[in-house]
Amino acid sequence: MNAPLGGIWLWLPLLLTWLTPEVNSSWWYMRATGGSSRVMCDNVPGLVSSQRQLCHRHPDVMRAISQGVAEWTAECQHQFRQHRWNCNTLDRDHSLFGRVLLRSSRESAFVYAISSAGVVFAITRACSQGEVKSCSCDPKKMGSAKDSKGIFDWGGCSDNIDYGIKFARAFVDAKERKGKDARALMNLHNNRAGRKAVKRFLKQECKCHGVSGSCTLRTCWLAMADFRKTGDYLWRKYNGAIQVVMNQDGTGFTVANERFKKPTKNDLVYFENSPDYCIRDREAGSLGTAGRVCNLTSRGMDSCEVMCCGRGYDTSHVTRMTKCGCKFHWCCAVRCQDCLEALDVHTCKAPKNADWTTAT
């Protein structure tokens, strides 16, 4: 008996994902290569031709992107710090994160979005700091303008975020645009959501000029907010990520569950449910939670009950040096004493079979 047509389409994205042998963004590995731009461009594996051309033509932009990798990976680890999967990186892995992102999960959606956002942020900042020859401050922010407070003059250095977005789109999306599979479309969608997130927090800053601090004349400029705001925003999008399936002509998505809203360009999308990340699983790329510190009094994701997946925890009595008895001394220093603090540290027990498993 033949399966209903609707059932075939529900399975199609998973089939396409299984047939896709490699979905990692190898440019993430730029952080590990370092060195000169030529060394970096020639030694990052898996770059497509257009990425390698951009790499050679714009060494100053590549330096900014390379430095930015550390920033967005740190932000990813901050957002996932209390979760079983904590955005851990693998130094010798060309994909930076290992096999865990081969699954088209919520975690993959977040990493692609935060990495794309990180590229926009790094390039735009480098432009404003005069570190990139091909861009500078936003050339459109000149002359006078008007807002709710009245007329002001554009001055200072407005962040040229449009250049950052344009270059990030050309470089980051290049590999995905060569693919026609479901995972490539998912990555492109989440890359765009990440870029849009940075621009969302572009804010106008102003300085007043006048006698005795009066604001008879204002000079304003546009500046990116701290990257933490982008990370927090994408974290909320991660928690509200929408599971999708491919539409029938293979050009876009539709929601996997009719009760869910249709994803917007700002939403994160994913195909597959995440593993539980409880145990070390070579195939899934999960390191498990054995040895992870848990919070005995928490009721959240970092609680010992949740983090340790019901396996229990070990308690160690440790001492650490802390600052105590701090006092302010005029003017202008804070002086503290060094004190020993005793505390209990709780870590998740390993499963009875601690060897690598191939279970998914």
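Any Cβ shown, glycine's included, is placed from N, Cα and C.
The disulfide bond annotation in Swiss-Prot covers CYS76-CYS87, CYS127-CYS135, CYS137-CYS157, CYS206-CYS220, CYS208-CYS215, CYS278-CYS309, CYS294-CYS304, CYS308-CYS348, CYS324-CYS339, CYS326-CYS336, CYS331-CYS332. Taken from Swiss-Prot, the feature N-linked glycosylation site applies to ASN295, supported by sequence analysis. Residues or ranges marked as O-palmitoleoyl serine in Swiss-Prot (evidence: similarity to another entry): SER212. The signal peptide annotation in Swiss-Prot covers 1-25 and rests on sequence analysis.
Positions of the features from Swiss-Prot, shown on the structure.
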| residue | record | Cβ contacts under 8 Å, 6 or more apart |
| --- | --- | --- |
| CYS135 | disulfide bond | ILE123, CYS127, ASN160, TYR163 |
| CYS137 | disulfide bond | CYS127, SER128, GLY156, CYS157, SER158, ASP159, ASN160 |
| CYS206 | disulfide bond | PHE152, ARG218, THR219, CYS220, TRP221 |
| CYS208 | disulfide bond | SER214, CYS215, THR216, LEU217, ARG218 |
| CYS278 | disulfide bond | ARG84, SER286, GLY288, THR289, CYS309, ARG311, PRO351 |
| ASN295 | N-linked glycosylation site | GLN82, ASP302, SER303, CYS304, MET307, HIS346 |
| CYS339 | disulfide bond | MET321, THR322, LYS323, CYS324, GLY325 |
| CYS348 | disulfide bond | THR289, ALA290, GLY291, ARG292, CYS294, CYS304, MET307, CYS308, CYS309, ARG311, GLY312, TYR313, ASP314 |
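The separation of CYS87 (disulfide bond) from CYS332 (disulfide bond), Cα to Cα, is 40 Å.
Sequence-distant contacts (6 or more apart, same chain, Cβ under 8 Å) of SER212 (O-palmitoleoyl serine) do not exist in this structure. Counting every protein chain shown, the number of other Cβ atoms lying within 10 Å of the Cβ of CYS304 (disulfide bond) is 22.
Once Cβ contacts within 10 Å are tallied over all protein chains shown, the disulfide-bonded residues CYS157, CYS294, CYS332, CYS336 are led by CYS294.
Each residue contributes its Cα atom, and for CYS76 (disulfide bond) and CYS336 (disulfide bond) these two points are 33 Å apart. Spacing of CYS331 (disulfide bond) relative to CYS87 (disulfide bond) is 43 Å (Cα to Cα, whole number). CYS87 (disulfide bond) and CYS326 (disulfide bond) have their C-alpha atoms 35 Å apart, to the nearest angstrom.
In the three-state DSSP reading, CYS220 (disulfide bond) counts as strand. Secondary structure at CYS76 (disulfide bond), taken from DSSP and collapsed to helix, strand or coil, is helix.
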